[in-house]
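> Pulled these features from Swiss-Prot for this protein:
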COILED    242-288  coiled coil
COMPBIAS  40-53  compositional bias 'Acidic residues'
COMPBIAS  92-104  compositional bias 'Polar residues'
COMPBIAS  125-135  compositional bias 'Low complexity'
COMPBIAS  143-153  compositional bias 'Basic and acidic residues'
COMPBIAS  277-287  compositional bias 'Basic and acidic residues'
REGION    1-108  region 'Disordered'
REGION    125-202  region 'Disordered'
REGION    267-287  region 'Disordered'
Amino acid sequence: MLSEQTAASGSSSSSRGADDREIVISTGREIVVRSSGGEEREEEVVVEEELEEPEFRDIHALSPPPTPTPSQPSSSYHRRRRESWESAAGSRHTSIRSVGSDTAPSELFPTMSREFSAMVAAAANANAAAAAAANGGDSSRAGVDDALGRIGEDELEETNPLAIVPDSNPIPSPRRAHLALPAPGDVSSAGGGHGDEVSVGQVKKEEVESKIAAWQIAEVAKVNNRFKREEVVINGWEGDQVEKANAWLKKYERKLEEKRAKAMEKAQNEVAKARRKAEEKRASAEAKRGTKVARVLELANFMRAVGRAPSKRSFF
């Protein structure tokens, strides 16, 4: 850039000079070849490139927005204010792009957000309000409040989600109807401050009652949950015991069945053995009877043949 231009101008001027010179330009340096008296000499001149310094742009506060007048509606005022913010932001982005166009992409300035511009405007309005505090103007204070409202600095956030806030329009319940409606004599005798004290006391009492009710519900739920866990454990133990008893009974029944089968088999064997022995004894007795009867018949035939009467003594 600048070094090349200076080198080019130097080469044009040197070509028109008295001495014959030849200039060779390379990146970052300049080589000059001089010839004097038939003798050539090379000179190397280092040309330092001028470093481009980035241009920085100061950030100034935006002009404070005009306060809305009673004749102008609030919607049109907010619309014009938003358009002014967008136009200011667009011009700021354009200027930053024009400044950073010649520089490297890493040297571009980051753009400001809309919230930051709103904070800058609020700071400017606050300074203007501090300067005009001696005059006692309310419009500057309204502008500051409006600016703070735009960025949400004056909004109070609830940090305790479990906080109990008294209702402005409570619905009277049948249980607390007698507390909410005082007697006519009390109303006539009590003043405004006493009524406020009664309402504050009632609110505190309701708060205490609500806390007690919540504690009661939580404790009852804990007891019920503990009982359910114990009931589950007891049911499991009962099931185990019943299962063990049924298993023992079935095992004993199996043993009894085996013993019964063995006893029945033994009894059947004994019966068969007794019957077999009885048959044997019966057969032997029948044989003895037949033998004796045959002997008696033989003796009777012999006596009949001989003709002799039997004696009184028997053979048996």
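Keep in mind that glycine also has a Cβ here, set from the backbone N, Cα and C atoms.
Model, not experiment: these values are computed from the prediction.
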> Going by DSSP, how much of the compositional bias 'Basic and acidic residues' (277-287) is helix, how much is strand and how much is coil, in residues?
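Residue counts for the compositional bias 'Basic and acidic residues' (277-287) by secondary structure: 11 helix, 0 strand, 0 coil.
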> Would you mind giving the whole-number mean pLDDT across the coiled coil (242-288)?
94
> With DSSP, how much of the compositional bias 'Low complexity' (125-135) is helix, how much strand and how much coil, in residues?
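Summed over the compositional bias 'Low complexity' (125-135), the classes give 7 helix, 0 strand, 4 coil.
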